[in-house]
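If you check Swiss-Prot, you get these features:
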type	residues	note
REGION	37-60	region 'Disordered'
BINDING	ARG47	NADP(+) binding site
BINDING	ARG124, SER125, SER126, GLY289, LYS304, PRO305, THR306, SER307, THR308, ARG330	FMN binding site
Amino acid sequence: MPSSWGKIFRVSTFGESHGTSVGVVVDGVPAGLPFPEEEIQKDLTRRRPGQNDLTTPRDEKDRMVVESGVFEGKTTGSPILMKVNNQNTIGSDYDEMAHVFRPSHADYTYSEKYGHRAHVGGGRSSVRETIGRVAAAGLARVILENELGISTVGFVDSIGPIDSNITEDEYPISRDLVDQFPTRCPKASANEEMETLIRKLRDEGDSVGGVVKVVVRNLPPGLGDPVYDKLDADLAKAILSISACKGFEVGSGFSGTRQTGSTHNDEFYIEEGTGKVKTRTNRSGGIQGGISNGMDLVIRAAFKPTSTIKKEQKTINDQNKETILKAKGRHDPCVLPRAVPIVEAVVNLVLVDAYLYQRALQPKWFMKYANLNAIPNQ
């Protein structure tokens, strides 16, 4: 079961929902980097369960433990192991699911592929796997912010039929603003409607999906490679690997198919004062030909409704007999509020790997775009 990602900044996650712990081993972190323990813990707290009544009532504090790769507050260049101990597990909630497959869940496909599965909490298919990715991305964010000045902010763009209707004119949106709203939709009117919808469906034993939008500012041109290692292809694979994610788009995405070339093309110009190459619109979402073009990277990720719900559903068991399931346990009625820091994290993991790869292969590019004073041991 593959559990690793990256060429240079390599991330390997481990653990299961109801196991002893979940975590990550990160290879390729440069030595001498100040270890951002407090910032990583803040990121983990943003994604943890039990934040409010819109999320699962499972109350995990998700306190990080660092076991290697850090000495006297700085990275050593050796693999960094970070983990979180699972503390609030109730395995008996899943007794019925030992032999019954939840509709639209990974239960059936894991069983068919491996012939044996950890049914409690969904095992590796649980969103708790992303704890390791969020922890690793805390390191990635330090590199990206310090060396390139990059800012990555995500927010909930829609839940069910309710759209945020946030436009580019309202950028930049700060993480502090996003976190003021329980749904992480930074538009007060839409947030209120979303809260009402989530609570209604939760009380009915149902769930709802939606879309997370992420905007990356100050991304330099040149990241990504043509054909098979395109930046948008890497982002798509990484983001679609998040539990419950079913769709991905960059820039105009599918809506661009409704336009003509003359209306969709992003015209270039030279920015007065800086001499930088810019585009008058950003329908490309910051990527052209699989390579960043210096404009904001704009992506959207679609999440399906949580598959484990308390309403009765028709399904089958592992004896190929039809049956009825009314799931027990503690589950998110909507994953979107907690998905925001997860999608941000995955975006940063892809970007830091692309940056370190470009930095190694293209010294002239590195000298042109990186803040050399922020790089340890230089």
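Backbone N, Cα and C atoms are what each Cβ position is placed from, and that goes for glycine too.
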Rounded Cα separation (Å) that holds between LYS304 (FMN binding site) and ARG47 (NADP(+) binding site): 18
Could you give the Cα-Cα distance between THR306 (FMN binding site) and ARG47 (NADP(+) binding site), in whole Å? 16
I'd like the Cβ neighbour count for ARG47 (NADP(+) binding site), meaning other Cβ atoms within 10 Å of its Cβ, all protein chains included. 24
Proximal but sequence-remote residues of the same chain as SER126 (FMN binding site) (Cβ under 8 Å, at least 6 apart): GLU16, SER17, SER243
